[in-house]
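Participant: Pulled the feature table from TrEMBL, pasting it below:
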BINDING   Lys291  ATP binding site
COMPBIAS  1-10  compositional bias 'Acidic residues'
COMPBIAS  13-28  compositional bias 'Polar residues'
COMPBIAS  49-75  compositional bias 'Polar residues'
COMPBIAS  76-93  compositional bias 'Low complexity'
COMPBIAS  103-128  compositional bias 'Polar residues'
DOMAIN    262-532  domain 'Protein kinase'
REGION    1-128  region 'Disordered'
Amino acid sequence: MDEMDIDTDADPFNQQKYSRPPNTSRLSAQYLPAHAQQDDGSQRLRYSPMNTSPNTFASPPQQHQIPSNHYTSYTPQQSARQSPSRQSQYASPTQQGRYYASPPSSSRAHTSQLPPLQSAMSPASYYPQSATQQLNAVFGNEPEPEKKPTSASGNGDIVPQFQRVYNTADLDARVNSQPPFRRANPEGGFISPLQALTSHLPATYRICNPTFQYESSRNPRRVLTKPSKGVKNDGYDNEDSDYILYVNDILGSEETNHKNRYLILDVLGQGTFGQVVKCQNLKTQEVVAVKVVKNKTAYFNQSMMEVSVLDLLNGRMDKNDDHHILRLKDTFIHRQHLCLVFELLSVNLYELIKQNQFRGLSTTLVRVFAQQLLNGLCLLSKAKLIHCDLKPENILLKNLESPIIKIIDFGSACDERQTVYTYIQSRFYRSPEVLLGLPYSAAIDMWSLGCIVVELFLGLPLFPGSSEYNQVSRITEMLGLPPNWMLEVGKQSGEFFEKVHDEFGRRTYRLKSMEQYSRERGTKEQPSKKYFQQTRLPDIIRAYPMPRKGMKQNEMERGELHANSH
């Protein structure tokens, strides 16, 4: 059979690398290397699937010529485009219904053997990746596995790679149900890189180094108690009998067989009774406030009184938490210290006034607070209880999103029928009965309430006494002398007042001068600072700047009536 015409332009593997004269076939002998100048039979062995006519092959050549190492890029080579001897018939791309006959099998001894050529003439350089995959599927060639970058250590670990961005759509977030290179979280989901380097850092170290060991007990702990030197109670208490608290320490250890254990997070406050710390219940994960009482008998007994009062109020009088009373959740003893667990609240009213730069609150907000305080005091009166330490610091907001308040610190509370203590109430809010040493009742809480409401309105305390004498003198200056019966019954009236007779010979009282009181008591009284130029409460309210409050005249009259009632 005559030599068929070869469509040289249809085969990209036969494209020339070097220029040749026009109208000259690249198969001309002068442009072929020595090993390519073979007889017609060898030329017929060149098979291209792009030929448009059937092809029959002549007998194999008589001898095999070793190819030269100096071949060019247009040298015929074995590629995925050349059909192997086992290739079956396939359809012609140009003539539908016609098939090319499978080439006859030939011996390897008579097949031209060339080393693989890695150059720009490879199929991948002419066709996109998808076309190369289709050709591999047609000719039965297995594609080379994709090589993924590995770490420099050579241990075979795959290194994450950045994805190339071609358009804005590639910048859209993609949520993978199982992100690559992520560890599974025992609690569900996967551990993000940020979590792996923070909260799961020990596990990350352990993956990098299996010999790594981590013990939480070796963490540096921040001390919360001052002084922090252990002196008493086997080194657990300082010189003031306060338990030395550390961040991440545990209260209610398993040694006490207590049902709940609390992880210390931070300190909330410290006072004469002990300390209050912010803790987390390890069983319920609830964040609470724990009061750790000093290791002294007097404070222990006083705190037990607080427990009994709150048990009565929470368990019997206010089961539904409707009367703005602090909720007691748990009690236990930890290393000889009584611990009381309360609900965690927000800032107190003093801090609220301070954040307002000691300017008064709006009348609407003052009214809301006063109503809630009256609600709580009515419950205490119904239970025959006296708070004995009502002040802005002991009134806390439940949260910063609402004006709901809670009355706290019932450590000084007592029964109206068993008023044992005489030194009660904070000085600014101390009632005349307590100052003069008279028997007292729940009415002393109402005096404190009046002082608190005025302070919320003005932003400053009404009676900021620097001492007991100064406190009595401030009250007397604004409201006048107490009734004679109070001065006659009061056990401490003689400390502040002296008896005198008027022009009719009647016995009366007058306030001692500051010099006389200092001389008799052996103290050095100093003149106190006056926050207001006016003396009487109605005058103070009238002189106070009101534009921001939008207070009406009838509200001012109500304030005057309220002041006169005291």
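Glycine too: its Cβ is placed from the backbone N, Cα and C atoms.
Automated prediction, rather than curation, is the source of TrEMBL annotations.
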Participant: For the residue listed as 'ATP binding site', which of the three DSSP-derived states applies: helix, strand, or coil?
Facilitator: strand
Participant: What is the number of other Cβ atoms found within 10 Å of the Cβ of the residue listed as 'ATP binding site'?
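Facilitator: I get 25 for this one.
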Participant: If you average per-residue pLDDT over the domain 'Protein kinase' (262-532), what number do you get?
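Facilitator: A mean pLDDT of 94 is what the model gives the domain 'Protein kinase' (262-532).
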